Every structure is written in C-alpha cells, then in structure tokens.
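K.L.:
Submitted below is the structure of interest, expressed as structure tokens.
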Amino acid sequence: MSNPIYKRILLKLSGEALQGAEGFGIDPSILDRMALEIKELIAMGVEVGVVLGGGNLFRGAKLAKAGMNRVVGDHMGMLATVMNGLAMRDALHRADVNAKLMSAFQLNGICDTYNWSEAIKMLREKRVVIFSGGTGSPFFTTDSAACLRGIEIEADVVLKATKVDGVYNCDPAKNPGAELFNTLTYADVIERELKVMDLAAFTLARDHGMPIRVFNMGKPGALREVVTGLTEGTIIS
C-alpha cells in the first residue's frame, strides 16, 4: 500500500453524492462504499474530518426563491446536513470505524456540539470527525463550512468530492471536449471564473493558503488515489 501524502484531510461530500440514481434521499449502497473508502484512509494512518452537504434532502436557497424566508430555509438546510451526518456516522460504525458527529449548534441527545479542541483530540486518536450544521449561520454554504473547518483543524488539504473528474475549462456535461486541469492557482480560478465553489468559500481557502483538491468520488478507489498522491482530480493552491 502506497504511503499517504496527507496526514490530515477535510473531506467535503455533497448531499447529492449520497443520493445515487434516486435523485433524492440517501442511497445506502453509496453510503456504505464511502464508509469503506474512509476506513481505508484510517488504516493508512490518515486523520479524517468530514463535512456533508444537505442538498439531497433540502435546499434553502431554492425555497427562498419560491418565497420562503432565507434564514428559515438555511436553518432547514443545516438540519438536513445533520441528518446526513447521522447516516454517515452509522455507516462508519457498521464498518467498524470510530466516528464522532458534531453539530455547529446544540442538539442535545443527538450529537455533540462542535468543540475545536475535542475535534483535534479525536482526530489524533484516528477517529473520524463529522462536522454537521454548516457554519451554524445562514447565508453560508457547506463549502464555506468545509474550508472553515479545514482551516480550524489545520488539515493539509480540503478534498471536494464531486460527480466529475476535477475542474474543467467549461461544463463537461455540455461540452464533451472540455479540458480537465491537473493543477491551478487560486488566481487562475478567479481569472477564468471557473466553478470550483462559491466565492466566499474559495477566498477563505485562498487567504489561509488551504489547498483544495477536486475529484470524482463516484470512481471507486479515487479517494485513496488522491491521498496517495496519484494524479487524480485537480489541485488548486
């Protein structure tokens, strides 16, 4: 087994990545596969933090456009990430991986409230820490939460799992000839207006020198390849 190039990672999983072909909810087979891939990393000695989106269950911004108060919609979206976190924690436990679910806001009896020093302690003990509830504030995406938690826990990289193989010069779904980038600078992304993540999240990562790696979690084994330094996905630094 190859040696990992990262000691501690923050893995950002979108809610859509959990829904499979169903188009809504959680596909148990995908959840179990992700848990096993994370287990591989723990066996390699990598410390893993996870941030989950909630778009498979609820999208606050979409309902805000339909007239719902944006703050209410975002609060509902935050709760959706907790539901995904509970499912991921359960899948990890079934795979015999120690995992702790933390929320950005209090949910007594369901999960722990986010505590920075406790999270660091658990990561050092090789327990997977799942950060749910976004940043705890409305108007911030779960990409912002991923970059924030990644910076806080001093991760070596934020790994953004998507449905495509990395960052392209245009939408590969619309243009089969789209060019995949292996490496980019933060300036490249802004100048070319490439869609990596929302600007607030991206500039947070840039300002703190946090590398971002975008890859396709749908490819079995891709997570291991990313962590062992193989040319998988796009690295932005």
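One is the number of the first residue shown, and numbering goes on along the chain from there.
Every residue gets a Cβ built from N, Cα and C, even glycine.
The model shown is predicted, which means the values in this text are computed figures rather than measured ones.
OK, Swiss-Prot features for this one:
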BINDING   K12, L13, S14, G15, G55, R59, T162, Y168, D171  ATP binding site
REGION    20-25  region 'Involved in allosteric activation by GTP'
BINDING   G54, D74, T135, G136, S137, P138, F139, F140, T141, T142  UMP binding site
K.L.:
Could you give the Cα-Cα distance between G55 (ATP binding site) and T135 (UMP binding site), in whole Å?
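P.N.:
Per the Cα atoms, G55 (ATP binding site) and T135 (UMP binding site) stand 15 Å apart.
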K.L.:
By Cβ count within 10 Å, point out the most packed of the binding-site residues listed: G54, G55.
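P.N.:
Within the set of binding-site residues, the most crowded position is G54.
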K.L.:
Given the recorded UMP site (G54, D74, T135, G136, S137, P138, F139, F140, T141, T142), which additional residues of the same chain have their Cβ within 8 Å of the Cβ centre, ordered by sequence?
P.N.:
G77, M78, G134, S144, A145
K.L.:
Please work out the number of neighbouring Cβ atoms within 10 Å of the Cβ of S137 (UMP binding site), leaving out its own Cβ.
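P.N.:
Its Cβ has 15 other Cβ atoms within 10 Å.
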K.L.:
Enumerate same-chain residues with a sequence separation of six or more from T162 (ATP binding site) and a Cβ-Cβ distance below 8 A; give 'none' if the list is empty.
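P.N.:
Non-local contacts for T162 (ATP binding site): S14, A17, V214, F215, N216, M217.
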K.L.:
If you run the three-state DSSP split on G55 (ATP binding site), which class comes out?
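P.N.:
In three-state terms, G55 (ATP binding site) counts as coil.
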K.L.:
Output the one of T135, F139 that, of all these binding-site residues, has the highest number of other Cβ atoms within 10 Å of its Cβ.
P.N.:
T135
K.L.:
Looking only at C-alpha atoms, tell me how far F139 (UMP binding site) is from D171 (ATP binding site), rounded to the nearest Å.
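P.N.:
Approximately 26 Å lies between the Cα of F139 (UMP binding site) and that of D171 (ATP binding site).
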K.L.:
For K12 (ATP binding site), what is the secondary structure by DSSP, using just helix, strand and coil?
P.N.:
strand
K.L.:
Could you give the number of helix, strand and coil residues in the region 'Involved in allosteric activation by GTP' (20-25) as assigned by DSSP?
P.N.:
3 helix, 0 strand, 3 coil
K.L.:
Within the region 'Involved in allosteric activation by GTP' (20-25) only, compute the mean pLDDT.
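P.N.:
Looking only at the region 'Involved in allosteric activation by GTP' (20-25), pLDDT averages out to 80.
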K.L.:
What is the maximum Cα to Cα distance, in Å and rounded to a whole number, among the residues G54, D74, T135, G136, S137, P138, F139, F140, T141, T142 annotated as binding UMP?
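P.N.:
The span, Cα to Cα at its widest, is 15 Å.
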K.L.:
For K12 (ATP binding site) and S137 (UMP binding site), what Cα-Cα distance in Å is obtained after rounding to a whole number?
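P.N.:
Computed Cα spacing between K12 (ATP binding site) and S137 (UMP binding site) is 18 Å.
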